[in-house]
Amino acid sequence: MMILWIMGKAYLSKEIRDVCINFDRRIKEIKSICKPDIALPKGTLILPGAIDLHTHIRGLKLAYKEDVVSGTSEASYGGITLIGDMPNSVPFVNTMETITAKLREFEYYSRVDYFVYSGVTKDLKKVDKFPIAGYKIFPEDLEKEETLEVLKSMKLKILHPEVPLALRGNRKLRLNIWYEIGALYYVKGYQNVHITHATNIRTVRLAKELGFTVDITPHHLLVDREKECLTKVNPPIRDTNERLWLLQAINEVDTVVSDHAPHASFEKQQPYEICPPGIAALSFTVPFILTLVSKGIISIDRAVELISTNPARILNIPYGEIKENNYANFTIIQFKDWRYSTKYSKVIETPLDGFPLRASIYMTIIQGKVGSLEGEVFPVKGINPFGENK
């Protein structure tokens with residue numbers, strides 16, 4: 001593989017400085033002077049490649065909602081260089097056969113690096129040996145016997161925090177915040193547990209108190225209640241007061257995820273009571289977090305922790321920092337004004353459309369190759385860092 005030099009302002013060792021980075025698939029050397037193969041324009045900043053722990057790329061029999069090419073292209077467009085895919089596709093991904101099918105689909109078509117989660121499984125001994133990142137525990141799983149065995153796995157366990165009772169009866173039950181908070185006690189005492197898409201500051205603080213890592217989503221911060229199917233999501237959007245409190249948690253959570261959950265337009269146009277929940281804005285997260293930096297709400301140090309360093313630490317993989325021997329994945333950004341819209345996803349309408357942002361993605365580099373440049377995505381081949389195809 002060709003070894004390249006890139007020169008520009010970069011964030012490394014908690015400093016922004018002018019550097020030259022030498023890389024192929026991994027970072028080889030960092031120094032101050034070089035003859036660059038890629039010279040970046042003024043106003044750009046090289047960050048460690050951004051990571052999204054929670055997406056639903058769909059594919060398989062749900063490819064009409066989103067497929068691997070469209071979903072991972074949207075990721076690269078939005079500065080995400082590594083994504084984690086949830087198992088609730090069709091077929092459900094929790095057996096050797098379905099995991100193999102999902103991994104094969106990503107291996108052939110993914111335009112960013114990727115990893116997958118298994119659902120709770122009765123075949124834990126075999127599934128645990130597969131190149132997966134861990135397990136997703138849904139509310140209905142908290143009543144299953146096999147979940148107790150999954151919780152003992154050394155791999156990462158990601159919990160959707162709602163008690164099983166929240167699934168029964170009227171949707172208004174889900175608006176009870178204690179149904180979310182109570183779910184954390186089901187997994188109390190277990191190791192390597194991550195709480196995803198917390199919707200209120202109580203959940204965040206309890207998660208930290210119990211020794212878990214935790215994330216939030218941009219839409220739980222920004223979207224104003226559930227008014228129609230476009231804003232319907234699980235766990236539900238909270239009221240304005242709760243969302244303002246949740247914004248305070250931006251300095252307490254470990255990472256921010258998209259929970260990209262695409263559905264076809266005809267599905268989201270169904271009546272609110274029966275339409276599927278989910279907001280699909282995979283490319284929003286990184287520009288939004290960097291917009292918070294531009295506005296002085298968080299520091300650049302905190303931003304890099306949220307989108308790169310902390311998710312890599314949670315996964316225990318060589319990403320998230322610009323240092324020798326880490327994978328050569330970079331998110332290169334510019335601070336400039338624009339209004340959000342999706343570009344490559346099959347979802348063309350989100351409740352975040354038109355949101356004013358102050359940061360955009362100039363380029364992504366994935367496995368040492370240019371994955372996107374000024375909005376145009378290229379067909380690079382992503383890898384599974386948990387797999388054999390490193």
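Every residue, even glycine, has its Cβ placed from backbone N, Cα and C.
Asp259 (active site) counts 28 other C-beta atoms within 10 Å of its own C-beta, drawing on all protein chains shown. Secondary structure at Asp259 (active site), taken from DSSP and collapsed to helix, strand or coil, is coil. According to Swiss-Prot, the feature active site maps to Asp259, an assignment based on sequence analysis.
The Zn(2+) 1 binding site annotation in Swiss-Prot covers His54, His56, Lys136, Asp259 and is backed by sequence analysis. Its Cβ taken as reference, His56 (Zn(2+) 1 binding site) is surrounded by 23 other Cβ atoms within 10 Å in the chains shown. Under DSSP, His56 (Zn(2+) 1 binding site) is assigned to coil, being neither helix nor strand in the three-state scheme.
The Cβ neighbour count for Ile57 (substrate binding site), using a 10 Å radius and every protein chain shown, is 33. What Swiss-Prot lists as substrate binding site is His56, Ile57, Arg58, Asn88, His263, Pro277, Gly278.
What Swiss-Prot records for Lys136, His160, His197 is Zn(2+) 2 binding site, and it gives sequence analysis as the kind of evidence. Neighbour list (His197 (Zn(2+) 2 binding site), Cβ cut-off 8 Å, at least 6 residues apart, same chain): His54, His160, Pro161, Asp215, Ile216, Thr217, His220, Pro235, Val257, Asp259.
The Cβ of Lys136 (Zn(2+) 1 binding site) lies under 8 Å from the Cβ of Met86, Pro87, Asn88, Tyr117, Ser118, Gly119, Val120, Ile158, His160, each on the same chain and at least six residues away in sequence. According to its DSSP assignment, Lys136 (Zn(2+) 1 binding site) is in a strand. The N6-carboxylysine annotation in Swiss-Prot covers Lys136.
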Distance from His56 (Zn(2+) 1 binding site) back to Gly278 (substrate binding site), taken between C-alpha atoms, in Å: 10
Per-residue Cβ crowding (10 Å cut-off), top of binding-site residues Pro277, Gly278: Gly278
Cβ-Cβ distance under 8 Å to His263 (substrate binding site), same chain, at least six residues away: Lys65, Cys275, Pro276, Gly278, Ala280, Val347
Substrate binding residues His56, Ile57, Arg58, Asn88, His263, Pro277, Gly278: largest Cα-Cα distance, in Å and rounded to whole number: 15
